[in-house]
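Everything on this sheet refers to the single structure shown next.
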Amino acid sequence: MATWAQFGLQDASSPLMEELTYFHDYALIVLTLITILVFYGLVSLLLSSSTNRFFLEGQELETIWTVVPAFILIFIALPSLQLLYLMDEVNNPFLTIKAIGHQWYWSYEYTDYNDLEFDSYMVPTSDVSLGNPRLLEVDNRLILPMQNPIRVLVSSADVLHSWAVPSLGVKMDAVPGRLNQTTFFAARAGLFYGQCSEICGANHSFMPILIESVPFSNFENWVAQYIEE
């Protein structure tokens with residue numbers, strides 16, 4: 001979960017988010033070096049008082065400043081493309097969840113079980129219990145088994161929404177009339193907070209996502225208890 005005055009990314013709780021964090025750091029280092037090099041060149045040019053009136057062309061120099069940036073772009077693009085294909089890969093999901101966006105709440109369906117669906121609304125600030133974050137607590141948490149691949153089918157009942165949980169590296173647009181899919185793998189037990197990440201109206205900021213990752217035995221007990229009720 002994001003904390004006050006946090007400048008970095010949230011702690012990774014899935015293999016995909018770990019890779020995204022690594023790529024972020026890798027790209028940041030490359031861009032920092034490029035910025036320093038360009039800044040050094042500009043300062044050197046401005047402070048230099050010497051000129052060469054007979055320098056009309058430089059084939060070697062033009063080749064260097066064409067080839068070097070091309071190689072830099074390749075080194076940035078390769079890990080980016082690898083992550084892009086990794087995010088779209090769906091291999092034998094253990095459980096499939098359907099998340100539907102509404103103005104302004106989420107509804108969830110466990111497609112592998114009969115009659116296991118519910119709506120998830122934000123808990124008003126006045127009703128939030130001590131220790132729980134405001135604007136992120138919900139009345140019905142999305143309970144999922146840890147250390148199992150989960151597929152999420154995302155859609156919308158009205159306008160554009162976006163189902164996003166940063167610590168799991170998940171973000172998928174909810175488009176009316178269309179079913180998008182994404183997968184994630186919660187590596188540990190805990191609470192993972194997210195929010196709608198597409199402006200969807202007046203209460204866009206008040207439709208949080210709360211995933212509770214639990215051991216599989218606890219998940220089975222919760223499913224049995226929910227179906228009985």
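Yeah, the Cβs are placed from backbone N, Cα and C, and that goes for glycine too.
Within 10 Å of the C-beta atom of Cys200 (Cu cation A1 binding site) sit 21 other C-beta atoms, taking all shown protein chains into account. Annotated Cu cation A1 binding site per Swiss-Prot: His161, Cys196, Cys200, Met207, in sequence order.
Here Swiss-Prot flags Cys196, Glu198, Cys200, His204 as Cu cation A2 binding site, drawing on similarity to another entry.
Classification of Glu198 (Cu cation A2 binding site) by DSSP places it in coil, neither helical nor stranded. Cβ contacts within 10 Å of Glu198 (Cu cation A2 binding site), excluding its own Cβ and spanning all protein chains shown: 17. Summarising the annotation, Swiss-Prot assigns Mg(2+) binding site to Glu198 and lists similarity to another entry as the type of evidence.
Taken from Swiss-Prot, the feature topological domain 'Mitochondrial intermembrane' applies to 1-26 (among others), supported by sequence analysis. Outside the topological domain 'Mitochondrial intermembrane' (1-26) by six or more residues, the chain places 79-80, 83, 86-87, 133, 136, 166-170, 184-188, 190-193, 213 with a CB less than 8 A from a CB of the stretch.
The annotation topological domain 'Mitochondrial matrix' is assigned in Swiss-Prot to 49-62 on the grounds of sequence analysis. Note on the topological domain 'Mitochondrial matrix' (49-62): none of the residues of its chain located 6 or more positions outside it place their CB under 8 angstroms from a CB of the stretch.
The topological domain 'Mitochondrial intermembrane' annotation in Swiss-Prot covers 83-229 (among others).
Feature annotation from Swiss-Prot assigns transmembrane segment to 27-48 (among others); the stated evidence is sequence analysis.
What Swiss-Prot lists as transmembrane segment is 63-82 (among others), and the listing cites sequence analysis. Tertiary neighbourhood of the transmembrane segment (63-82): same-chain residues 23, 26-27, 30, 34, selected by CB-CB distance under 8 Å and a gap of 6+ residues from either end.
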- [ ] Note the mean pLDDT of the topological domain 'Mitochondrial matrix' (49-62), expressed as a whole number.
- [x] 76
Open item on the list: Using the CB centroid of Cys196, Glu198, Cys200, His204 as the Cu cation A2 site centre, which other residues of the same chain sit with their CB within 8 A?
Closed with: Gly101, Trp104, Val159, Leu160, His161, Ser162, Ser197, Ile199, Gly201, Met207
Open item on the list: Tell me which of the binding-site residues His161, His204 sits in the most Cβ-dense spot, judged by other Cβ atoms within 10 Å.
Closed with: His161
Task: Spatial separation of His204 (Cu cation A2 binding site) from His161 (Cu cation A1 binding site) - C-alpha basis, Å - done: 9
Task: Three-state composition of the topological domain 'Mitochondrial intermembrane' (83-229), taking helix and strand from DSSP - done: 28 helix, 63 strand, 56 coil
Open item on the list: List the residues in the vicinity of the Cu cation A1 site, defined as same-chain residues other than His161, Cys196, Cys200, Met207 with C-beta within 8 angstroms of the site's C-beta centre.
Closed with: Gly101, Gln103, Trp104, Trp106, Ser162, Ala174, Gln195, Ser197, Glu198, Gly201, His204
